[in-house]
């Protein structure tokens, strides 16, 4: 399976290679949520404070989110195969460190390294997929499977974490990654063909200073966000770290304007569909993460669900996402166009969040919350596939890694900001209701309701952004393109995805 070569024929092993890269993507996505349900067991076993415990989550998210952009660009320059294999190796070794950890310091350090490995591996997956599958129908199917793993992996992580923690112990939520990582690594070595256009043909100089500046800005910025809910948004620490992140971003922008081979070329930033699609994905992902956050808290703290039952409660969403991603979303996109399917999906998500937020204290899972779960699966599964089509519409294959990094960074940063804001809003409302004499459960649910409404506002903002920035200017008939020749310009990533929709993608 090649990294990129527009004129090479399809590799007959590409579907086996797709299984390998999606297996790695599943492993990475599982680890974004698998720890959540194991936190009480980790806290008891390692005798740690609540503040230290949160770093088992934040350590992974900080390095994962901050390195996605640089990793995506490195994949374009030095080769996505090398970056993918290196990322999986680092992730697997770090998972061993997590599994063997006997102190919170060791566990947090290993989680930082695990997040870095996850960023390098995950940033290569989408770029490999869009560069390898050039047939319109095949690429649509491959993208659908990628979205299934990316969306469903988070909810699947909740039940996997619960099952392993209850049946064995928390160490196994990390140990399970080791055989998966070994299989993905061996499969990658065998099936990702290094001879077929691995990396950039011109090998431009790597912008080291630009990479350092943007990575440091993202690390410090994400750190400020995840700590804001604990120390306060107006605290000196939050303001200082936020200011440092802004200064570093400004320095990065100034450097990129002068350097000959910038890490973030201006041509990429001029791609309106990529920037607009990333913005829509950011606010939509924030809403989805809010649903996971408040849903898990409600099931455990109000309805008294255990870890396994909480994970199982999210499985209907995963099932609906599977149905959408494996065919229905593609079928709808081909007939209605990506824009219409995207807006319809986000509208269903918005309705689901509002339905959840307007439930009463002690609302049972069936039928109201089950309906909400299905609606979020239907809306999210229907929206993310066409959104990927629209976001990558103007991206040439040579920039697929960087574009993937931009799309994924927007989601990770918005998720961090969203959860911090939602949590702060919910906690403030809960405190207000408690002082007003409400009982603890009523005050808790009241705070969570307000947090969910803010999450719903994020999705509503996504609908507005999509309407303003991604709505097609005019309809065009789908016309088959002639086969690419050496004299034919390299196709854009989204050209084949949009074929057959009857709708302009920009």
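Please read every residue number as a count from 1 along the shown chain.
Every residue, even glycine, has its Cβ placed from backbone N, Cα and C.
The compositional bias 'Pro residues' annotation in TrEMBL covers 480-489.
Marked as domain 'Major facilitator superfamily (MFS) profile' by TrEMBL: 17-474.
According to TrEMBL, the feature region 'Disordered' maps to 479-506.
Long-range contacts of the transmembrane segment (15-41) within the same chain: residues 1, 53, 56-57, 60-61, 64, 84, 87-88, 91, 114, 118, 121-122, 124-125, 128-129, 132-133, 142, 145-146, 149-150, 153-158, 160-162, 164-165, 169-170, 173, 177, 180-181, 183-184, 187-188, 191-192, 292, 296, 307, 310-311, each at least 6 residues beyond the stretch ends and with a Cβ under 8 Å from a Cβ of the stretch. If you look up TrEMBL, you'll see 15-41 (among others) marked as transmembrane segment.
The transmembrane segment annotation in TrEMBL covers 53-71 (among others). Remote same-chain residues near the transmembrane segment (53-71) are listed as 28, 31-32, 35-36, 39, 42-43, 83, 87, 104, 107-109, 111-116, 118-120, 122-124, 211, 214-215, 218-219, 222-223, 226-227, 230, 263-264, 401-402, 405-406, 408-409, 412-413, 416 (criterion: CB distance under 8 Å, separation of at least six residues from the stretch ends).
Summarising the annotation, TrEMBL assigns transmembrane segment to 83-110 (among others). Proximity of distant same-chain residues to the transmembrane segment (83-110), defined by a Cβ-Cβ separation under 8 Å and at least 6 residues beyond the stretch ends, is recorded for 21, 24, 27-28, 42, 46, 48, 52-53, 55-56, 59, 71, 74-75, 116-125, 128, 171-172, 174-175, 177-178, 181-182, 184-185, 188-189, 192.
Residues annotated as transmembrane segment in TrEMBL: 116-134 (among others).
If you look up TrEMBL, you'll see 146-164 (among others) marked as transmembrane segment.
Residues or ranges marked as transmembrane segment in TrEMBL: 170-192 (among others).
Through the fold, the transmembrane segment (204-226) approaches residues 54, 58, 61-63, 65-67, 69-70, 73-74, 77-78, 237-238, 241-242, 244-246, 248-249, 251-252, 255-256, 259-264, 409, 412-413, 416-417, 420 of its own chain, all at least 6 residues removed from its boundaries and within a Cβ separation under 8 Å. According to TrEMBL, the feature transmembrane segment maps to 204-226 (among others).
The annotation transmembrane segment is assigned in TrEMBL to 238-257 (among others).
Annotated transmembrane segment per TrEMBL: 278-299 (among others), in sequence order.
Within the chain, the transmembrane segment (305-329) has long-range Cβ neighbours (under 8 A, six or more residues past its boundaries) at 37-38, 141, 144-145, 147-148, 151-152, 155-156, 158-163, 165-166, 292, 295-296, 299, 341, 345, 365, 369-370, 373-374, 376-378, 380-382, 384-386. Among the features that TrEMBL reports, transmembrane segment is placed at 305-329 (among others).
Taken from TrEMBL, the feature transmembrane segment applies to 369-393 (among others). Listed as Cβ neighbours of the transmembrane segment (369-393) (distance under 8 Å, sequence separation of 6 or more from its ends, same chain) are residues 130, 143-144, 147-148, 150-151, 273-274, 276-278, 280-281, 284, 288, 291, 295, 298, 313-314, 316-325, 328-330, 332-333, 338-339, 341-342, 344-353, 355-356, 359, 363, 400, 403, 407, 470, 492-495, 497-498, 501, 505-506.
Listed by sequence, the residues of this chain that lie at least six past the ends of the transmembrane segment (450-470) yet keep a Cβ under 8 A from its Cβ atoms are 272-273, 276-277, 279-280, 283-284, 286-287, 289-291, 293-294, 339, 342-343, 346-347, 349-350, 353-354, 356-357, 390, 418, 421-423, 425-426, 429. The transmembrane segment annotation in TrEMBL covers 450-470 (among others).
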